[in-house]
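What follows is a single structure, written as structure tokens, with notes after it.
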């Protein structure tokens, strides 16, 4: 039986809450409790609730407030939230049983699989969840949890009935082919699925290209190559056309590999599938070389990208140290988040300055970049600068008049900060009559086009298998690793915000200590960053109420 968090009496009165006992939403109504047209006396308070005093649980009000983040009506309608003892919240993912009734289930084929049948407790317990945060204080609530990924004892598909498709969208990233390979091989080898198709060239391939049959043999060695064998594109998302084709072709499992924009598209596809009452599972595998997907520990391909970035930094260091007053300038990927630049800098130890979008900087004046460059060249005779592509865009906009443009995915087209900074440094040194040589290296497309390294290959395999297990069990979700455990995450959680480097965090402090660069931050910047961190630490989970359930039904019926 589930327990519900109940505010202390004085807080109930303050909030204007009634004292009616909420029905246990995890079990059907007891026959003796409620009959048609007649409601009898409710169960005793202690049978359904746990009361926590103000003194023993001072953070209860904060938990309630943190759980009421306003979501768009359409998102809130599909949110599933379960509460338990001591501030436990399960932010659950959609399931077939939310909108389809009387579905048969089948034994998981893995129980008879020679490779898996001997594994002790191989099947995941239905109540297993993964905490979003593992560092808490003595009186903290247990906090938000996600459903643990893995195989279930009962599945909602028979192997011969499965018709699965795989699509890759957005930019390239190391590991795409590995995920494709492991989805195909996992479906075939673990669940004996024979009908697997590749969607070519992104979302538009659902309605503009022939589906590509895929077998373990056809994908056997694709993990050794960069890019994606299915092709990719930006844009092209037409929800109605996509779902029409899914329905017409009898597809019942859709695996979508892409970034936050792609996952938003996956969410829209799921909503349309649910509105039509189709038995189709939608599994998202988040992909971004920038590592800016929210909630998850890291995205696949990130380790490979950092490793490859090292080669560019090493080359820049060789060039810089071989010249008098030599500067090596390397531009790395990172539109909104500077994780690649930060981790590559920390791993290298040859970098003297790292510039990222999250940390504003300035060129001239005391404590500015030019002053630091001049001092560093006098001390060391050379230096290496790493800059993320999204850094300094406000400074460039002030010096270069350019109209805002966006790509097919809706991302703002960035001006080349590396080239701009190269010219600015040249002009400054010329005005100062300083002899200087600068080499600008842009390895952007080299980094994202490589095959994944060993650790990313293993990670891609685990993500693909977790996605398969979840789809076979009837869930729709985005899969990812949360605090070292794989979990099923609601689509809206990975698309409503973006993971960014916290410049008030110890990792950024380690970088500043490693490079000895100035922080370029005023007290105002630091205060603003701390305030942003506080807001980000609030759990973005909507309260699961009966109204949300009614909203979901209205959305499905086209009333909203």
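Placement of Cβ uses the backbone N, Cα and C atoms for every residue, glycine included.
Database features, via TrEMBL:
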- 10-25: compositional bias 'Acidic residues' (COMPBIAS)
- 164-469: domain 'Phosphofructokinase' (DOMAIN)
- 171, 234, 235, 259, 260, 261, 262: ATP binding site (BINDING)
- 260: Mg(2+) binding site (BINDING)
- 290: active site, proton acceptor (ACT_SITE)
- 545-560: compositional bias 'Basic and acidic residues' (COMPBIAS)
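Feature map: annotations from TrEMBL on the structure.
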residue	record	Cβ contacts under 8 Å, 6 or more apart
171	ATP binding site	232, 234, 259, 289, 448
260	ATP binding site	286, 288, 292, 293, 294, 494, 495, 498
262	ATP binding site	169, 170, 203, 256, 284, 287
290	active site, proton acceptor	299, 333, 334, 335, 336, 337, 339, 340
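Taking each of the binding-site residues 235, 259, 261 in turn and counting other Cβ atoms within 10 Å of its Cβ gives the largest count for 259.
Of all Cβ atoms in the protein chains displayed, 20 besides its own lie within 10 Å of the Cβ of residue 234 (ATP binding site). When averaged over the domain 'Phosphofructokinase' (164-469), pLDDT in the model lands at 93.
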